Amino acid sequence: MAEFDFTATLQAINDQVPPALQHPRVGIICGSGLSGLATSLRDTVFVSYDSIPGFAKSTVAGHKSSLAFGLMGTGDGVPVVAMLGRFHPYEGHKLSSVVYPVRVMAKMGVKDIFITNAAGALNPSLAVGTIVVVQDHIALPNLTGMNPLLGPQTDPSHPRFLPLSDSYSRRLRKLVFHAAHSLSLPRDALAEGTYAWVSGPTYETPAEGRLLRAAGADVVGMSTVPEVLAAREEGMDVLVLSLVTNAVVIPGGYKSVREEVEAEIAGKPIVGVVDETISHEEVLAVGSLKGDVMKSLVEKVADLLHPVGV
Ligand SMILES: O=P(O)(O)O[C@@H]1C[C@H](O)[C@@H](CO)O1
Ligand SMILES: Nc1nc2[nH]cnc2c(=O)[nH]1
C-alpha cells in the first residue's frame, strides 16, 4: 500500500468538502449508466477524481470520474458519498487501485456501502430491468489467482483469512424488500440471486454463459466483487444491487445452423433465436430506462436505515 497515501487523499477531499459532509454514513458505487443515483442527493458537493491523490480515472462510457457528497432521504437526511464512476480491472487498473476508493470510504467513516452494477442475466427467469438483490457470488478470478486481497495486508488489524459466507448483509437485503413494499413495486421488479464476477472486457460466449449458470450464478458482470472484498475487509456492511440489462443465457438456446437450413429447405420460418449480440450502448440504455427505479429504491433504503449503533 506504499503507493497509496490515505492522509494525502483525505486531505485533498476534505479541502473541497464542508465539515458536515466529511464523514458520510453511507457509500454508494454507481454502476454503468447509474450515475443518476447522485441526483437523489441534497447540498451536493462534487470532487473530481483528478484532484484526489491515489484515485484513477474511469475510462468507460457511462462512468463519470467524481465523488458526490450530500444528504439523502427525508428529514435531516443521511450523509452519503457516491462514486460516480468506478474502476474495472479490464481498464488496466491494478486491483489495489480498483478498491482504493472503498478503503478511503472506510477511513471517512462509511458503515454501509451500496454497490450497484449492470449485469447480464444467466437465469432465464430474470427479465431485463429486474433488480437483483445479490446474496452471494462466484468469483472465478478469486479462485484462479486474481484475488484482490492477494499480497501484503493493507492494515495489520485486518483478518488475513477473510470469511465471505456473510458478505452480503442480511439486514440491508431485508431493507431493500421493505423499501420495495413501501414503494409498491411489483413483486417481479426485484429478485434475489448470485453474481458471477468475470474480468471482461469481452461479454460471455453462449457456452460460457451456460457454464456460469450451471455453476449456480444468476447474473454476470465485470465489477463489484473486488469492492465487496475490500469493504468486508474494512468492516463495512455491504448491499449489492444488480440491474439486469441483457440476457446471456437464451431460454431454449440458439437454433442450430442445421435446423435453420432444414427450415429454409422446407420453406418454413425458423422458430427461435438465431443470433443475438449485446453492446455496451444497450447496457447504458437499460440503465437510463430503469435508473429511476434503482434510485427510488436506494433513497428509500437510506430512509429506512437506523442511526448507527441502534
Ligand atoms: O460497472 P458495471 O459493472 O456496472 O459495468 C458493467 C460491466 C462492464 O463494465 C460494462 C459492460 O457493458 O457494464
Ligand atoms: N460480463 C458481463 N457483464 C455485463 N454487464 C452488463 N451486461 C453484461 C454481460 O452480459 N456480461
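Including glycine, each Cβ sits where the backbone N, Cα and C put it.
All TrEMBL annotations are machine predictions without curation.
Here's what TrEMBL has on this protein:
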- 25-261: domain 'Nucleoside phosphorylase' (DOMAIN)
- Ser32, His63, Arg86, Phe87, His88, Ala118, Ser223: phosphate binding site (BINDING)
- Glu204, Asn246: purine D-ribonucleoside binding site (BINDING)
May I ask for the distance between Ser223 (phosphate binding site) and Glu204 (purine D-ribonucleoside binding site), taken between their Cα atoms and rounded to an integer number of Å?
14
List every residue in the same chain as Ala118 (phosphate binding site), at least 6 positions away in sequence, whose Cβ is under 8 Å from its Cβ.
Gly31, Ser32, Gly33, Leu34, Gly221, Ser242, Leu243, Thr245, Val283, Leu284, Val286, Gly287
Including all protein chains shown, what's the count of other C-beta atoms within 10 A of the C-beta of Glu204 (purine D-ribonucleoside binding site)?
20
Pick the one among the binding-site residues Arg86, His88 whose Cβ has the fewest other Cβ atoms within 10 Å in this structure.
His88
Cβ proximity for Phe87 (phosphate binding site), under 8 A, sequence spacing 6+, ordered by residue number, returns Ala56, Ser58, His93, Ser97, Val98, Pro101
Considering only the binding-site residues Arg86, Phe87, His88, Ala118, Asn246, which possess a Cβ situated under 6 angstroms from at least one atom of ligand 2?
Ala118, Asn246
Give the residue from the binding-site residues Ser223, Asn246 that has the most other Cβ atoms within 10 Å of its Cβ, counting over every protein chain displayed.
Ser223
Annotated binding-site residues Ser32, His88, Ala118, Glu204, Ser223, filtered by Cβ under 6 Å to ligand 1
Ser32, His88, Ala118, Ser223
For Asn246 (purine D-ribonucleoside binding site) and His88 (phosphate binding site), determine the Cα separation and express it in whole Å.
19
Can you give the mean pLDDT for the domain 'Nucleoside phosphorylase' (25-261), rounded to a whole number?
94
Relative to the Cβ position of Ser32 (phosphate binding site), how many further Cβ atoms are located within 10 Å?
26
